[in-house]
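These notes are about the structure you will find just below.
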């Protein structure tokens, strides 16, 4: 096995809740950097000039951070739960979780906030795990609609929650920096599962807390 083959790894084999992904062979870092140089030249610049000479390396390192969610495992994040909750049986909610993602159509960033609530059935998960769950799905190429469903699916499936509510409010740079060039337009997506879908009073409680 040569060095290039050894450097390649398979990605996409973790929990990909809400996605139909087959494991793919990840190119080497050198191959990824070469692809960035090609795009720089296609844009009309010289990838060998002083200001761009290190850009391919920086872009590849940025991709590692922006798309780290492909290596995250939602099931693992939600696997450790606590049952000693002193009989707590009401809504658990996290408000204003940062969302930093990229759309799958133009790879343009979309930035916003997420609100998550669930109704536990005897066990709860650490609050930081829910924020981490959002980060795992956000750091993948996808649509906001898909991400909203992925988060709801994961909480419903792995926590056996009686109900789940997810709302994401984000601004898409594919709308503001290209195409129609509309600024200050936000997209809101929601998912309600279980009692949050059937109990309109509970659903309204969630929405009121979002607005608070």
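Placement of Cβ uses the backbone N, Cα and C atoms for every residue, glycine included.
Feature annotations, reproduced from Swiss-Prot:
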- 103, 106, 174: Zn(2+) binding site (BINDING)
Other C-beta atoms that fall within 10 angstroms of the C-beta of residue 106 (Zn(2+) binding site):
14
For residue 174 (Zn(2+) binding site), what is the secondary structure by DSSP, using just helix, strand and coil?
helix
Within 10 Å of the Cβ of residue 174 (Zn(2+) binding site), how many other Cβ atoms can you find? Include all protein chains, please.
16
DSSP three-state assignment for residue 103 (Zn(2+) binding site):
strand
